[in-house]
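K.L.:
Just passing along the structure, written as structure tokens.
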Amino acid sequence: MPIQYLTADAVRVAEHATGDLLANGTLMRRASAGVARAVIGELNRTGGCYGRAVGLVIGAGNNGGDALYAGAILARRGVRCSAVLLVPDRAHAGGLAALRAAGGRVVDVLPVSLDMVVDGVLGIGGTGPLRPAAAEVFAQVTAPIVAVDLPSGIDADTGVVNDPSVRAAITVTFGAYRNLHLLAAPRCGRIDLVDIGLPPTDTPDGLFSLTDADVAGLWPVPGPADDKYTQGVVGIVAGSARYPGAAILASGAAVSATSGMTRYVGSAADQVVSHYPEVVAANGLADAGKVQAWAVGPGMGTGDEALEILRTVLATDLPVLVDADGLTVLAQNLDLVRGRSAPTLLTPHAGEFARLAGTGVGDDRLSAVRALAAELGATVLLKGRITLVATPTGRVYGNDAGSSWAATAGAGDVLTGIAGSLLAAGLEPALAGACAARVHALAAARAAAGAPIGASALLAAVRPVIRDLRNA
Ligand SMILES: NC(=O)C1=CN([C@@H]2O[C@H](COP(=O)(O)OP(=O)(O)OC[C@H]3O[C@@H](n4cnc5c(N)ncnc54)[C@H](OP(=O)(O)O)[C@@H]3O)[C@@H](O)[C@H]2O)[C@@H](O)CC1
Ligand SMILES: Nc1ncnc2c1ncn2[C@@H]1O[C@H](COP(=O)(O)OP(=O)(O)O)[C@@H](O)[C@H]1O
Ligand SMILES: [K+]
């Protein structure tokens, strides 16, 4: 099942649906117990709880309440807890009383030597960056930070990382992930999801991520009655005399990602076939043969010939992926995609996105990718460390690559080949894009294993990654 991420409003609705559990403080007790559990786990891992020192940074709302109650639990375990109250007269009264009763103390300045710090400044009620008083406290912190619900200063719905804001080693959240836990994943550290008894939320056009099991279950596998045609033939249109590599990488990725057949169309036919003899290559669309989806664009150039190819391919009733040079050409001819009834998957990086949208992606990548997908009536995959794939109705699949080794020339061509072959196999564009992004990211991490890679190494890791996912 895909993991769902909620907006702050959706979290509040779910909290309110629990009625008494919210009103009588049960939710907060469960939340704070989860925070304490994470801190205790870390302290135990590094020598035990008794006599260790933990700082609490407390804001004006319930996020601070969670942290204060967690502090009370820690203090009863023999942890020396010191709390800085950023707005003393608005600190959560019950939480503060509990902390004091357990032996925790309130301080003006955090002790210099701390084992951990709990960030209870802002949760889903926060907006904007840390205010100066909070920023000053965190500027002195060197211990690992456990964020309550979210690292303060990061926007819950958009994941926008304001400056200044907290960088957490662990984030403990409650009942359901919030959007930022995906969109700003690198700032959250490990994320612990604590069950506090919230009812399930169903927002089909929300933000999701596929699990490895989802990807394994969706990956096309030939059945007993299949032959090379029935699994979906992908046609790759890529490369040129100047960029033969794009053709080779995209075609190779298509060959690696699914079984069946890969066709290639373009002027790098000889090079492609010398690398991958199984590819059926042609110089022009007219001799290409039948396909079930097209993947068009990497290294194909941006001249009249490219426009003609794009026009022809987008006039078919087949699924089409457009990438790279294809997107640059498309940006001047957006009607070619707006009028389509068959699925279209556009895979821009930030620069190509700006060409298509007429304006930069900006900080709020989620809203930007949703808006472009709605405007064009196409599925849009925005590349980056966090890849976002938006349908025209606003459902978004996100993937945190987990590392950034894929930021290397030609990696996008590999993604095109993988996603194109999944489109040909019949996956809907958003799932084709999301599955491709996941496997691509895993392949990059596996190939890199801590050292730089080129796109060829990434491509070579695609099959082992698919195998591992399917065998897990
Ligand atoms: N409801 C429940 O029972 C449960 C709630 N839970 C917990 O409660 C959290 C939500 O609590 P919340 O709604 O009280 O808001 P919260 O995030 O603490 O912000 C508080 C105040 O901060 C202020 N502020 C805003 N921006 C700011 C800034 N940049 N810098 C400084 N201050 C700023 C702003 O007040 P202002 O100063 O603007 O008047 C705002 O009112 C949630 O994330 C989870 O941890 C869980 O225990 C589960 C059960
Ligand atoms: N910082 C990053 N972390 C992880 N993956 C990244 C990062 N930057 C780019 N990528 C991925 O690498 C690929 C780069 O694609 P693209 O920019 O089209 O490169 P090219 O055109 O050279 O093939 C995409 O799959 C993208 O999501
Ligand atoms: K917080």
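Glycine is no exception: its Cβ is also placed from the backbone N, Cα and C atoms.
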K.L.:
The K(+) site in TrEMBL lists N63, S152. Which one of D115, D119, D192 belongs there according to the record?
P.N.:
D119
K.L.:
Of the candidates G351, G358, G412, G417, which one does TrEMBL list alongside K383, G384, R385, I386, T387 as binding AMP?
P.N.:
G412
K.L.:
Just checking: which of the binding-site residues S152, G384, T387, G412 have a C-beta under 6 Å from ligand 1?
P.N.:
none
K.L.:
So which binding-site residues out of I124, K383, G384, G412 end up within 10 angstroms of S152 (K(+) binding site), measuring C-alpha to C-alpha?
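P.N.:
Matched binding-site residues: I124, sequence order.
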K.L.:
Please report the distance from the Cα of H349 ((6S)-NADPHX binding site) to the Cα of K383 (AMP binding site), rounded to the nearest angstrom.
P.N.:
5
K.L.:
May I ask which of the binding-site residues D119, T127, D149, S152, I386, G412 have a CB within less than 6 Å of any atom of ligand 2, listed in sequence order?
P.N.:
G412
K.L.:
Which binding-site residues of D119, S152, K383, G384, R385 contact ligand 3 in the sense of C-beta under 6 Å?
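P.N.:
The ones that qualify, in sequence order, are D119, S152.
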K.L.:
Taking the Cβ of G65 ((6S)-NADPHX binding site) as centre, how many other Cβ atoms lie within 10 Å?
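P.N.:
Its Cβ shell of radius 10 Å holds 25 other Cβ atoms.
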K.L.:
What other residues of the same chain, not counting N63, D119, S152, have a CB atom within 8 A of the CB centroid of the K(+) site?
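P.N.:
Here the non-site neighbours turn out to be V57, G59, G64, A67, G120, V121, L122, G123, G126, A147, V148, D149, L150, P151, V166.
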K.L.:
Return the residues near I386 (AMP binding site) by Cβ distance under 8 Å, restricted to its own chain and a separation of at least 6 in sequence.
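P.N.:
Listed in sequence order, they are G159, L182, L183, A185, R365, G398, N399, D400, A401.
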